[in-house]
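Colleague: Here it is, the structure in full.
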Amino acid sequence: MLLRWHSVIPLFLAMTVAFPNTYRTVVEDLPAIPEGWVQGNPPSPETSVRMNLAVGQQNTRTFEQIVLDISTPGHRNYGKHLSRRDLKGLLRPRRETSNLILSWLEKSGVPKRSIVDDGDWIHFVISISQAERMLQTRFYHFHDVQDPGISMIRTLKYSVPSRLARHVYMIQPTTKFGKPKKHANSIANLQAIYLSTNATENCNATITPRCLRELYKMGDYVAKPDCRNVIGVSGYLDQYARYSDFYKFLELYAPEMKGANFSVAHIGNGQNLQNSTRNSIEASLDIEYALGLSNASAVFYTTSGRGPLVPDLDQPEQEHNSNEPYLDQLHYLLSLPQEALPAVLSTSYGENEQSVPERFSHATCNLFAQLGARGVSVIFSSGDSGVGSSCLTNDKKKITRFNPTFPASCPFVTSVGATFKINPERATGFSSGGFSDRHSRPGYQNDAVQHYLDKLGDRWKGLYNPKGRGIPDVSAQGANFAIYDHGKVIIVSGTSASAPAFAAIIANLNAIRLRANKPVLGYLNPFIYGKGREGFTDIVHGGSKGCVGYSSTNRSTPAVPYASWNATEGWDPVTGVGTPNFRILAKIVQHME
C-alpha cells in the first residue's frame, strides 16, 4: 500500500520520539516527500545498502582557487593538471578526522571489510537495520508516481553524533530522491519523426554533422585518434549505445569518420545491451554526434539504473539497484589513473536544482571540480524547460520561482543551451537557463552576467537569484537532429543534442593542442569567459519560454505571463556567450599558454 506524503508525518513524529536528538546533530532534513514520489513499505531490515560519506573539508576555497588557476590561460599554473595522487593528497582530511569517522562506523556495526577510505569520501556497506540505528532514522521504499515500477530506499531525515557533525558533510543515498532526466524537448512537445534514409539535407529543417561543420566553421577538419584525447559520453537510465546504429549513422551522415568506434565502461553493473527493444534515442544521439564530429577515441560510460543486476557485495539485492548515478560515475572516473581519464565528458541529463538536497549539490559539484583539476572538460546540457516548468518552490513557502537546473548550475561544469535555425541562429524556446539558487556567481562570470543584469533591470525581480551562477555558458544547435536508432532515421530535439556537438568541438581543439605539444583544455569556463570569448558568435535573436501554468507532469502550477529569458547582445541566460566558431577557437588554443 502506498502512502501519500501527508500520511508520513505521524510516522516521522513517532520516529523522533523513538530516537531522541540528545547529543546528535541533524545533517539533512527534508520538509516533505519530494513531488512525484509516494511512500511505500519499509525495506527488509537485512537489506544491504552501499553508503557514500562525504567528509567535511576545511580547505574547499583553497582547492577551488587551485582549480581556477590551473584552468585560467595566462596563469603560471595553467595546464598543470593534477595527478590522482596529488589531488588526493590535497584533499585528504586530517588523520584524526578520518579516525573519528572510521571508529564511529565500526562501533555502529559496519563490517570493517566493507569500508573503503578514499580520503575525502568513505564508502561502506551496511544493513538497513544498522543504518537506521546509526543515523537514527527510518528508511522506506519510495515509488515514482509516474512509473511505480521505479522505487528507491530513502529517508527524509538523518543525524550523526554531535561530535562528528563538522566531520560528516553528507551521507547518501538517504535524502536524494530525484533521478536524472534525459534532456528531450518538453515545451515545444516535438515528437520523433521517422524519415527515409535518403532525405534531402536542408540545414534549416534537419541538422546533420555536415550542417554543424559548415555552421561552426569546422570545414573538413578530422582529428587523428589519440589515446590522450578521449571523449566520454555518459549513459544513464538503461540507455544503450548500439554499434549497428552507430555504424549506419556514420555511413549516412559522416562517411569521412568511417572506422571510428567506441568502447564501453560498465559502472556499477551498468549494461549496454545490443538487442534490447528499449528506447535508446538519448544514447544514440550522444554517441553519434560526439564521434560523428570529432573522430576522437571514445568511451560510453554506462552507469547502472533499472536494468538486470548481477549481485555482489556492494549490490547484493535487486532492490538495492537504486544508486545515485552521478556519484557512482564520478567516483569511478576519479579512481582512474591519468592516462585512463577522458579529456572531455559529455552528459545530457539533469534535474531541477531544487529537487536535489543542497549538500548533495555542493558535494557533487566538488567532484566535478576534481575532474577539472585533473584536466577533464565536464560538459552538461542546460535542460529543456526554458525559464522553468513547475515554477514553484518545493519548500514550505511554495512561492512562484523560476527553476534553474542541476548539474548545469555547478560552476565547475560547462553548461550548453540550444539554438535553432541558421543565418541567423536563434535561441530555442525550450533552452533552460537562469541563475542558481545554490551556487554563487563565480568571478569569471562577473562582468558578463552583470552586463546582462544591468540591462534587465527589475524585470522578473523576485523570481530568480541575481547573485547566482548564470546558466548556460555557451550554446549550440539543438533542434531537429537526424540520428539513427533501432534501424530508423529519427529527428530529435533538445539540449541533449547541443552538449555532444559542443563536446566534439572541444575534442577537436584538444587535438590541435596536443599536436602542438600543449596540454588539453581541461575545465573550460575561465577560458570561455576570458581569452576564448572572441571565438564565440553572439546570439541575439529568440528567447526561452516557460512557467505556462502546468508542470512537466501536467499538474497545475503558477503561470507567469510572457516568462522568458531573451537572447541579447553579450551573455544571456538562454544562449550563454554564444555558439562556437571552430576556426577562430583553433587559432586561439594553438598558441595559448
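Cβ from N, Cα, C; glycine included.
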Colleague: Report which of N198, N566 appears in Swiss-Prot with the annotation N-linked glycosylation site.
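Modeller: Record lookup, Swiss-Prot, feature N-linked glycosylation site, residue N566.
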Colleague: Roughly how many Å separate the Cα of D572 (Ca(2+) binding site) from that of N566 (N-linked glycosylation site), to the nearest whole number?
Modeller: 7
Colleague: 10 Å Cβ neighbour count around N261 (N-linked glycosylation site)?
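Modeller: Other Cβ atoms within 10 Å of N261 (N-linked glycosylation site): 13.
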Colleague: If you count other Cβ atoms within 10 Å of each one's Cβ, which of the glycosylation sites N204, N275, N295, N554, N566 has the most?
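Modeller: The most densely surrounded of these glycosylation sites is N295.
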Colleague: What does DSSP say about D286 (active site, charge relay system): helix, strand or coil?
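Modeller: Looking at the DSSP assignment, D286 (active site, charge relay system) belongs to a helix.
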Colleague: When DSSP is mapped onto helix/strand/coil, what comes out for N566 (N-linked glycosylation site)?
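Modeller: Reduced to three states, the DSSP call for N566 (N-linked glycosylation site) is strand.
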Colleague: Let me check the 10 A CB neighbour count of D538 (Ca(2+) binding site). How many other CB atoms are there?
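Modeller: Here the count is 17.
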Colleague: Could you check which of the recorded positions N275, S496, I539, N554, G570 is the closest Cα neighbour of E282 (active site, charge relay system)?
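Modeller: Spatially nearest to E282 (active site, charge relay system) by Cα position is S496.
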